[in-house]
Protein chains: 2
Amino acid sequence: MSERTEISTLGEFGLIDHLTKNIELQNVSSIVGVGDDAAVIDHFGKQTVVTTDMLVEGVHFDLMYTPLRHLGYKSIVVNLSDIYAMNATPTQVTISIALSNKFSVEALDEFYEGVYAACAKYGVDLIGGDTTSSQKGFVISVTALGEISPGKYVKRSTAQQGDLLCVSGDLGAAFLGLTFLEREKKIFLENPQVQPDLEGEKYVIGRILKPEARKDIVEFFEKSALQPTAMMDVSDGLSSEILHICKQSNLGCVLYEDKIPIHEDTKNAAFKFQLDPTACALSGGEDYELVFTIAQADYEKLVLNEQISVIGYMTEPEKGKKIITKGGNTFDITAQGWNAFS
Amino acid sequence: MSERTEISTLGEFGLIDHLTKNIELQNVSSIVGVGDDAAVIDHFGKQTVVTTDMLVEGVHFDLMYTPLRHLGYKSIVVNLSDIYAMNATPTQVTISIALSNKFSVEALDEFYEGVYAACAKYGVDLIGGDTTSSQKGFVISVTALGEISPGKYVKRSTAQQGDLLCVSGDLGAAFLGLTFLEREKKIFLENPQVQPDLEGEKYVIGRILKPEARKDIVEFFEKSALQPTAMMDVSDGLSSEILHICKQSNLGCVLYEDKIPIHEDTKNAAFKFQLDPTACALSGGEDYELVFTIAQADYEKLVLNEQISVIGYMTEPEKGKKIITKGGNTFDITAQGWNAFS
């Protein structure tokens with residue numbers, strides 16, 4: 001039998017001590033960490049990049065099929081992804097959680113194991129936070145800080161006409177992983193004897209439960225002296241993100257369906273659910289890949305990285321935001337993928 | 001009749017635009033604000049101070065007697081108070097909220113009015129955040145950033161033996177304001193015809209619903225070339241905060257009951273509830289005053305500020321943490337005030 005320690009036995013300050021006692025600060029920029037009114041950081045002449053994201057039980061995650069360790073990991077990673085999307089290096093995080101007394105200290109430890117695993121993997125320091133009770137449900141709020149050389153950050157609004165439109169990794173898997181878990185949950189609720197067979201879906205499930213942020217891509221830019229002209233991460237779905245870049249940069253674009261990178265396991269999962277893999281990639285979201293634009297002159301440097309796909313290019317705004325399908329038809333891109341009736 | 005617009009009619013991005021459309025960045029350090037993956041700040045050689053706090057409906061606030069405008073204001077102020085408690089100047093905030101669909105756009109606007117009022121008063125920029133739905137209740141998470149000249153920050157752990165123990169403003173009022181509001185709520189729930197008479201309790205109610213952070217004290221330190229040796233803000237109650245400073249600085253202290261500043265209205269409210277005003281000041285919390293230690297040599301500069309009270313001094317650790325009462329008795333300070341049975 002597993003142990004259960006009530007959070008109330010530790011008290012607020014005891015709990016904070018328990019959760020933070022093993023922290024060793026990794027970054028020279030972390031001057032003061034957990035344990036005071038505020039933390040102090042010094043990026044020594046670099047600029048500081050800040051982002052924040054909130055995850056709510058029942059809205060962003062379902063504890064029925066989300067291991068707490070993975071949830072802790074993901075809470076950090078989705079924020080780091082936003083820092084990388086500015087072309088910056090994450091250095092610190094704060095994490096605040098509100099949770100009901102249905103959680104034990106052991107459950108919280110599992111969650112924090114994931115938090116610390118993500119911090120270790122990405123080399124960031126946990127420097128602060130807040131732990132409080134909630135009447136119902138689990139709410140997580142993370143703020144991530146990063147650093148960048150002055151002026152090297154990449155916004156969404158600065159793409160140029162003629163730039164190549166690119167994306168890292170592959171798309172659509174997280175959405176199919178979620179679809180699969182939701183189906184298994186439904187089956188389980190109807191018949192708790194049935195155990196789910198996750199074997200063939202490892203890739204897509206891993207993409208939703210334990211996403212990674214594209215540290216490697218930002219490091220590749222640095223090493224190759226590449227500066228994207230615009231960039232953001234794929235949290236809502238490729239088409240939604242592309243529309244943001246077009247709108248904020250006041251440009252149009254052409255996207256080629258056959259260039260959109262989709263993993264074989266994602267395609268197989270889509271076929272099982274009778275879904276179109278392209279639609280999953282365009283509208284699925286939560287892939288945490290980087291979508292970016294880059295000058296055509298940089299093409300030769302770019303193709304050295306197999307993790308980057310060129311999927312289209314930026315046009316003058318009057319040309320609209322278009323996708324050219326495998327069949328050669330042209331449609332308007334919409335936030336839901338594309339609208340075949342426009 | 002007041003208007004009611006459902007949040008769903010705006011959509012996520014429409015809502016963000018609606019809530020942030022009037023932002024004008026005030027600080028030169030705010031390089032990139034709302035609207036990208038992350039914000040960019042540059043403190044130009046200064047160090048960055050970061051703090052975060054979460055406020056949960058039903059735990060930290062009760063919407064039955066908390067106007068949304070005040071709640072928005074307070075959410076910002078309690079975080080700025082932590083920045084001041086480091087001797088730093090707040091410059092930016094991010095705010096994330098999760099709320100159920102019982103809130104209309106108009107209700108959210110009221111909340112943000114308070115947020116922006118606090119930002120304007122304290123000269124900070126709102127540079128990011130997240131807005132999401134919750135299954136139940138309202139959860140607010142704020143992160144505040146500030147700046148300070150390298151090495152000028154003040155921790156809790158650096159008080160020195162012989163230092164004066166000081167506090168700003170007055171204590172205990174917020175607790176009595178809360179006690180009063182809780183009583184009126186109970187009366188109202190039992191008999192909705194009875195309207196509360198808040199007239200005589202304006203001061204204590206104002207202290208709980210619309211606290212202020214002690215910007216003026218930190219500015220006074222700067223102007224007077226005063227550097228506290230340790231400092232924190234009073235959120236849990238004076239005795240709890242003093243014990244933190246003693247523990248983290250490895251010192252004892254002597255606190256004089258008759259030196260603890262308590263407002264006349266606070267004393268009157270305490271007597272109405274048959275409470276001891278000193279106990280309210282020691283254990284009440286939420287006053288958001290600054291408690292700090294400072295070298296005896298700085299005493300003459302210090303007394304020029306009527307908003308600062310010297311309430312005791314720091315001793316060697318073996319002397320313990322003591323309070324000397326008005327009657328001349330000496331007790332151990334405990335997190336709950338003092339323990340007369342020790």
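The backbone N, Cα and C atoms fix where each Cβ goes, and this holds for glycine too.
Annotated Mg(2+) 4 binding in TrEMBL involves A:Asp37, A:Asp82 plus, out of the candidates A:Thr20, A:Thr51, A:Thr52, A:Thr66, the residue A:Thr51. With an 8 Å limit on C-beta distances, the binding-site residues from A:Thr51, A:Asp82, A:Ser235 that reach chain B are A:Thr51, A:Asp82. All protein chains shown were included, and the count of other CB atoms within 10 Å of the CB of A:Thr51 (Mg(2+) 4 binding site) stands at 31.
Non-local contacts of A:Glu286 (substrate binding site) by the CB criterion (under 8 A, 6+ apart in sequence, same chain) comprise A:Ala174, A:Phe175, A:Leu178, A:Arg207, A:Ile208, A:Pro211, A:Val234, A:Ser235. Considering only the binding-site residues A:Asp37, A:His60, A:Asp130, A:Asp233, A:Asp236, A:Arg156 (ATP binding site) has A:Asp233 as its nearest partner by CA-CA distance.
Within 10 Å of the Cβ of A:Asp236 (Mg(2+) 5 binding site) there are 19 other Cβ atoms, across all protein chains. Considering only the binding-site residues A:Asp37, A:His60, A:Gly129, A:Asp233, A:Asp236, the residue whose Cα is spatially closest to the Cα of A:Asp53 (Mg(2+) 1 binding site) is A:His60. Annotation for the binding-site residues A:His60, A:Arg156: lowest Cβ count within 10 Å of the residue's own Cβ, A:His60.
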